[in-house]
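Pulled from Swiss-Prot:
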type	residues	note
BINDING	Gly130, Ser131, Ser132, Gly133, Ala134, Gly135, Lys136, Thr137	ATP binding site
DOMAIN	93-341	domain 'ABC transporter'
CARBOHYD	Asn636	N-linked glycosylation site
REGION	1-30	region 'Disordered'
TOPO_DOM	1-419	topological domain 'Cytoplasmic'
TOPO_DOM	441-460	topological domain 'Extracellular'
TOPO_DOM	482-497	topological domain 'Cytoplasmic'
TOPO_DOM	519-531	topological domain 'Extracellular'
TOPO_DOM	553-568	topological domain 'Cytoplasmic'
TOPO_DOM	590-644	topological domain 'Extracellular'
TOPO_DOM	666-675	topological domain 'Cytoplasmic'
TRANSMEM	420-440	transmembrane segment
TRANSMEM	461-481	transmembrane segment
TRANSMEM	498-518	transmembrane segment
TRANSMEM	532-552	transmembrane segment
TRANSMEM	569-589	transmembrane segment
TRANSMEM	645-665	transmembrane segment
Amino acid sequence: MGQEDQELLIRGGSKHPSAEHLNNGDSGAASQSCINQGFGQAKNYGTLLPPSPPEDSGSGSGQLAENLTYAWHNMDIFGAVNQPGSGWRQLVNRTRGLFCNERHIPAPRKHLLKNVCGVAYPGELLAVMGSSGAGKTTLLNALAFRSPQGIQVSPSGMRLLNGQPVDAKEMQARCAYVQQDDLFIGSLTAREHLIFQAMVRMPRHLTYRQRVARVDQVIQELSLSKCQHTIIGVPGRVKGLSGGERKRLAFASEALTDPPLLICDEPTSGLDSFTAHSVVQVLKKLSQKGKTVILTIHQPSSELFELFDKILLMAEGRVAFLGTPSEAVDFFSYVGAQCPTNYNPADFYVQVLAVVPGREIESRDRIAKICDNFAISKVARDMEQLLATKNLEKPLEQPENGYTYKATWFMQFRAVLWRSWLSVLKEPLLVKVRLIQTTMVAILIGLIFLGQQLTQVGVMNINGAIFLFLTNMTFQNVFATINVFTSELPVFMREARSRLYRCDTYFLGKTIAELPLFLTVPLVFTAIAYPMIGLRAGVLHFFNCLALVTLVANVSTSFGYLISCASSSTSMALSVGPPVIIPFLLFGGFFLNSGSVPVYLKWLSYLSWFRYANEGLLINQWADVEPGEISCTSSNTTCPSSGKVILETLNFSAADLPLDYVGLAILIVSFRVLAYLALRLRARRKE
């Protein structure tokens, strides 16, 4: 097909005589009358009859074995329009609404989907096609009850399973939604990922052996045997599974429960033609087992196009066609857009239904005519009648229980703890790099402050080294926590929205799994730096120092959790963290004497873990230093006569050591509770 032919087809023209019916604006009523008459009397492009019932494949997954016909009717979807300064304007409008008696003006909305209808039967593979911006993903999100914030489905829209209205909870029990972007914990292997999914997805009455057996079965069915022990990896950072293997792994996660309805958004995105064909073949096999499979796809190859049982073409948020691929050829030929011989029909349909830059008015007029012609066709009228009467094909079976989550609280906690522990052991950034970094910094500080003596200069150096203990533990743990925790938050958000586990089980399992690491790091650091610097000798003094440094490490880790949960991205968390830490650092007693803190900022000093830890470490170092132990070698400088004098100079008291321990413990609990609340609030906003 030449360039001239392509441009002619994109404009809406054709070398076939029938094309004039679509694009000749002067023919007007006569052309429209001919099209309407053809659709109303003889033509039936697209059928609503379901395919022949497939054989029951059976499954040991514990999922309901039922065939589902999914229909949707009158789906109007609106989206909020982003305007410059809209967040500030919204805040101002809300404030004025509280204090002023002004009429509320609703925010502008964009009509994303317009009266979209459709139906998908068990045993068939339905492909939703269209150009970018046609509304494919918006439709799938609405069908799966996963519409993001700012997207509103009109109350008049109906979603029916076997003729019965369905809500989000019922859909969740029967539908698996594979989204376009694959989110995994990259340090796990494919098999470990599926075992975790089986522990939280499958019904609670199944034993562990039954779950593992189902994992093995799914691995065989989706051809994942060769890569089941390969780590998933992180694209662009850690090498792992290929794109096709990652996509099949996403299907396997959903197929564990053998759901009767499978919705996939762009399953071939970013894949080569061979891999894309293998992925669609997997979906085809699933549909042949009696499942209802709906997917979106941009421009499939001719081989892929032949695998589809039915196609739903969308343009400008409207339905342009619904039927079999062969019926689509007849439909577009009849409305005057005949697909040329030896040309991929999928490419042709996307070109015809696309808005061409520079020809927007002409393109939208062509699209409107095609959509209007389908709306008055016999298949559209039959579908309207079918959905309006809500004919029951087969009553919905009731779920096996009324539980919101498939797994019990303890099963969820054990699964999350197991996965988090594996990721801690396998994540090089979290373990190997941290331990190497800790060792190198401890040796460096030890060499700089090597063998300090109890002199005027030694006192100052020891105080500085102790404060470096705190700053190193703080920044190292805060940034490490932010980098790792925020990278897993998208996985948590998706899994929490899918009701795989509770927010509290995730947070508790995650923090407990990382606890051994945050105990090991301060131990390694203190064991190296403490004797090299020559801090106060004695086992009790060493373990007091170790306990305080460990508490600081866990306070800073808790603070890192809080910043991560309250931030929308890793970059934002890394930007917010240092400015928030600096005020706490200033109140630590090293840069600013504790007695010099302004009264109006006194409350902030009680939130500083630097203050409690610095006071505790200095008490541990100087409290029992008797007069005469400090050598005064310089006569022209003030020399502290004892450790008590040093503490009094800094406005610290040896009697406050227990309070320092309590203060650090309270900060650990407080920061983690606030982090959990922020995480829970964030998860609820996504629901």
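For all residues, glycine too, the Cβ spot is worked out from N, Cα and C.
Here the features listed in Swiss-Prot are placed on the structure.
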residue: Gly130; record: ATP binding site; CB count, 10 Å: 27
residue: Ser131; record: ATP binding site; CB count, 10 Å: 21
residue: Ser132; record: ATP binding site; CB count, 10 Å: 10
residue: Gly133; record: ATP binding site; CB count, 10 Å: 15
residue: Ala134; record: ATP binding site; CB count, 10 Å: 26
residue: Gly135; record: ATP binding site; CB count, 10 Å: 23
residue: Lys136; record: ATP binding site; CB count, 10 Å: 23
residue: Thr137; record: ATP binding site; CB count, 10 Å: 16
Cβ within 8 Å of the mean position of the Cβ atoms of Gly130, Ser131, Ser132, Gly133, Ala134, Gly135, Lys136, Thr137: remaining residues of the chain near ATP
Thr138, Met314, Ala315
According to DSSP, how is the topological domain 'Extracellular' (519-531) divided among helix, strand and coil residues?
13 helix, 0 strand, 0 coil
According to DSSP, Lys136 (ATP binding site) sits in helix
If we call contact 3 or more Cβ pairs under 8 Å (sequence gap 6 or more), are the transmembrane segment (532-552) and the transmembrane segment (461-481) touching?
yes
Where, among 420-440, 461-481, 498-518, 645-665, do we find the most CB pairs under 8 A to the transmembrane segment (569-589)?
461-481
Checking distant contacts: for the topological domain 'Extracellular' (519-531), what same-chain residues at least six beyond its ends satisfy Cβ-Cβ under 8 A?
434-435, 438-439, 441-443, 445-446, 465, 469, 472-473, 476-477, 542, 545-546, 549-550, 552-553
Calculate the per-residue pLDDT averaged over the topological domain 'Extracellular' (590-644) and state the result as an integer.
83
For the topological domain 'Cytoplasmic' (482-497), what are the same-chain contacts with Cβ under 8 Å, counting residues 6+ beyond its ends?
146, 179, 183-185, 200, 423, 427, 429-430, 503, 506, 510, 560-561, 563-565, 567, 569-570, 573-574, 577, 679, 682-683, 686-687
Could you tell me what the rest of the chain brings near the topological domain 'Cytoplasmic' (553-568), counting residues at least six beyond its ends with Cβ under 8 Å?
473-482, 485-486, 489, 511, 514-515, 518-519, 521-522, 576-577, 580-581, 609, 613, 664, 667-668, 671-672, 674-676, 678-679, 682
Positions whose Cβ lies under 8 angstroms from the topological domain 'Cytoplasmic' (666-675), at least six residues beyond its ends
507, 511, 551, 554-555, 558-559, 561-562, 564-566, 607, 609, 612
For the topological domain 'Extracellular' (441-460), distant same-chain residues with Cβ under 8 A (at least six beyond the ends)
468-469, 472, 476, 524-526, 528-529, 532-535, 625, 629-634, 637-640, 646
